[in-house]
Amino acid sequence: MKRPKLKKASKRMTCHKRYKIQKKVREHHRKLRKEAKKRGHKKPRKDPGVPNSAPFKEALLREAELRKQRLEELKQQQKLDRQKELGKKRKLETNPDIKPSNVEPMEKAFGLCKTENKAKSGKQNSKKLYCQELKKVIEASDVVLEVLDARDPLGCRCPQVEEAIVQSGQKKLVLILNKSDLVPKENLESWLNYLKKELPTVVFRASTKPKDKGKITKRVKAKKNAAPFRSEVCFGKEGLWKLLGSFQETCGKAIQVGVIGFPNVGKSSIINSLKQEQMCNVGVSMGLTRSMQVVPLDKQITIIDSPSFIVSPLNSSSALALRSPASIEVVKPMEAASAILAQADARQVVLKYTVPGYRNSLEFFTMLAQRRGMHQKGGIPNVEGAAKLLWSEWTGASLAYYCHTPTSWTPPPYFNESIIVDMKRDFNLEELEKNNAQSIKAIKGPHLASSILFQSSGLTNGIIEEKDIREELPKRKERKQEEKEDDKDSDQEIIDEELDEKSSGMFAAEETGEALSEESTAGEQSTRSFILDKMIEDDDAYDFSTDYV
């Protein structure tokens, strides 16, 4: 039984144990020294150098110094080369305009690659470059594939670009319903029936994980009976190949096919799926393709990748949120996510994100942040992080949502019956219908209950002409100047108040007693005006709001 009120045993080591350990350590060191003596110490021998009696000593020493200098220069050169390579890699990461080596001669042959544009690309506005590249693609193409997101096909159509293609002459326009595995089959069929009244429409599902040719063949040989991953399966490829092949046979010449569309609809993924190689850069971020890229599919068909459309700021807030690339437009996540949330069915959103009912977007983002464990310091829900999460999911290729087709079909004003007939000519439409039916049957889409109903805002207006972009820039500058002027006026008022308070405090005693002399008042007024002018000049470098709070 333990005695009460006794201290715990000390954790200190006994002297007997400590001395025993020290003795063992000494014996170990002695043993190591003994073994080292037996082996013998091998000290590094110093270089004796060139003896004085050696002939041509000075010449040898000079040669040795020169060799040393060359080695140092070589090291410096290698260091500079490494730095240049790192700089190039960083530029490629920020501006991923990678083009394969086998494509460059093709671009030179077609006259599509211009070094002057590359040199000016850093100086010019990115939006203007996008417009220039898009015009080049339309001019060089015989067939233009407009890629649409099957979740909102009407919102992915740009009337300005379609009108430009119609006016350009003998060019064919084909619609590609990509991401068709993210909408219910009934909705996909209704959209196909609606769109094929105007233009030839292909149901497509691009593979999101394209591999190198060698890797694919090895995998097929190794696992012949194994089922591939869902992300690697491509649907609608055969139908598109046959459609382009039939048009090429009727033309009797090699054709160029341009791929256009809004950001993140899957233009580059479609090209990679057709080629079965990673020819174009694809990723989660929007607007990765920044310049046109020529990819030869075979000897007769060449496909051209293009940068995305520029969204007009006159569109609705939901269209701007879904169609504006983050790399070009400065997207505010709270505004963008709130606009998307306003167009979605609230009941289905609650079921999808497993949150209770909400009254406004801020309440929803707060509950979503708490649900996902997104907290800031002090346990405050990260509302902005939740808004970014919702915005990234709706612009990505994982969330299932759909839009209803319009109740009545009305063609756009730039289309008439003769143009519709001309667009469908030279295509094997019967074969296309069969392939579309096979693709719809093979695709495993989500159920209506598990997908969210979204109210489309209609056609999305785009910018093609550079002059329309130039008009936006002065407005922004005027706004910035007005904001600066307002800030300066407010800062000047604060400074005047503070100086008045200080002056009243400093000269309170003198005002009660004696009057100030004329010379002193003139000097003080001049110093005060000088201080004010100096403060207003340095307004950009100095923040008065923080100093005078």
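Even glycines carry a Cβ here, placed using N, Cα and C.
The shown structure was predicted, so the numbers you read here are calculated from the model rather than taken from an experiment.
As annotated by TrEMBL, compositional bias 'Basic residues' applies to 1-45. The compositional bias 'Basic and acidic residues' feature in TrEMBL is assigned to 73-96, 474-483. According to TrEMBL, the feature compositional bias 'Acidic residues' maps to 484-500. What TrEMBL lists as compositional bias 'Polar residues' is 518-529. Residues annotated as domain 'CP-type G' in TrEMBL: 131-312. Marked as region 'Disordered' by TrEMBL: 1-57, 73-103, 474-531.
Helix first, then strand, then coil: DSSP counts for the compositional bias 'Basic and acidic residues' (73-96) stand at 22 helix, 0 strand, 2 coil. Break the region 'Disordered' (1-57) down by DSSP state and the numbers are 26 helix, 0 strand, 31 coil.
The average pLDDT computed over the domain 'CP-type G' (131-312) stands at 80.
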